[in-house]
Amino acid sequence: MACPFQMGLQDATSPIMEELLHFHDHTLMIVFLISSLVLYIISTMLTTKLTHTSTMDAQEVETVWTILPAIILILIALPSLRILYMMDEINNPSLTVKTMGHQWYWSYEYTDYEDLNFDSYMIPTQELKPGELRLLEVDNRVVLPVEMTIRMLISSEDVLHSWAVPSLGLKTDAIPGRLNQTTLMAMRPGLYYGQCSEICGSNHSFMPIVLELVPLSYFEEWSASML
Amino acid sequence: MLDADSQKPPKGKWSTPPFDPRFPNQNQTQNCYQNFLDYHRCVKRMNRRGKSTQPCEYYFRVFHSLCPMSWVQRWTDQIQNGTFAGKI
C-alpha cells in the first residue's frame, strides 16, 4: 500500500513489477544525469564574463550531441521492450477470476468449479476500525492463492472503470462489452491495495480493490466457506 | 506448504481454461463468446443425432470459467426467448 510522503513506487509483489521498478530506477537515473548536466552547463554559461562572438560551426560537438542521445535512447528502449515482451509471455494459469466494475463497487466471480461471486464495497470512513486504511478497505477482499499464475478477466457492467493494483504492476481497463485479460502472480502473501483508475462518476475515488494473498490451503478453505 | 509443486492442481482434473492460441491477446471477449456458441451448437447437433452431449462439456467449462455470469444469463434468456443474435 502507499505510505505518506512516499517517494518511489510501492514494493514489488510480482516479478514483472520488480522488473518495472528496476527499469524505473535505471531511466530516472539517466534523467537525473541529463538534467544535472544541463543545469550545470546553464549555470556556467550564465556565470562567466568570457564571450565568443565568432562561432561559425561546431561539427565535433554537434556530432557528439547527436550520437550520445541516440545511444541513451537505445539504452532506455532495450530494457523497456524486454519487459514489454515479458508481460506478453504465454503462461498457463491455474485459476481464473473475473471482476466486473459497477458504479461504484467491484464484484468478483470465481467460476472454475462452483459459482462463487460477491460484491466488494469500500468501508465508509465512519465505520473503519482502528488501524484500518481510509478509502482503501473493503468489506469482502479478493482472496487469492500466493505463487500461482492467475488469469484475471476484467469487464464492466455500466461505465468505464479500471482495475489497478500498483504493487503487482497491474492496471487494466474495465470496458462494458469487452473482456480484458491480465495475469496476476504474487510472490509473497499479504494485503495489496489498489483503487479504481478510470473516472466513473461521483464515487470513482471510493471503490478500492484489496487482494488478500494466502497459501493455497487457506484459499481452498475460504472459497469453500464462501459458497 | 509454500513450495510451488504442492500447489499445482492434481493432474488430469479441470483447473481452468488453457491458453487458446486463437485468442492470444488481451481482448478475450471472442474467446468467451466462441466457446458459448460452440457449446450450444455442439449440444444441438449431438441431440439431433441422438448422441450423448458429454464431449460438449469442455466448451461448457471454458465459457463458464471465462464469461461473466451476467453475460451468460443474458444470452441464455435470449436463447429461450428466441432473440439471441448468434447462429446456433
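Here the Cβ of each residue, glycine as well, is placed from N, Cα and C on the backbone.
Around B:CYS67 (disulfide bond), a 10 Å sphere centred on its CB holds 25 further CB atoms from the protein chains shown. If you look up TrEMBL, you'll see B:CYS32-B:CYS67 (among others) marked as disulfide bond.
Sequence-distant neighbours of B:CYS42 (disulfide bond) (same chain, 6+ residues apart, CB-CB distance under 8 A): B:THR53, B:PRO55, B:CYS56, B:TYR59. Feature annotation from TrEMBL assigns disulfide bond to B:CYS42-B:CYS56 (among others).
Residues or ranges marked as region 'Disordered' in TrEMBL: B:1-26.
A coil conformation is recorded for B:CYS67 (disulfide bond) in the three-state DSSP classification, outside any helix or strand. Residue with the densest Cβ environment among the disulfide-bonded residues B:CYS32, B:CYS56: B:CYS32, by other Cβ atoms within 10 Å.
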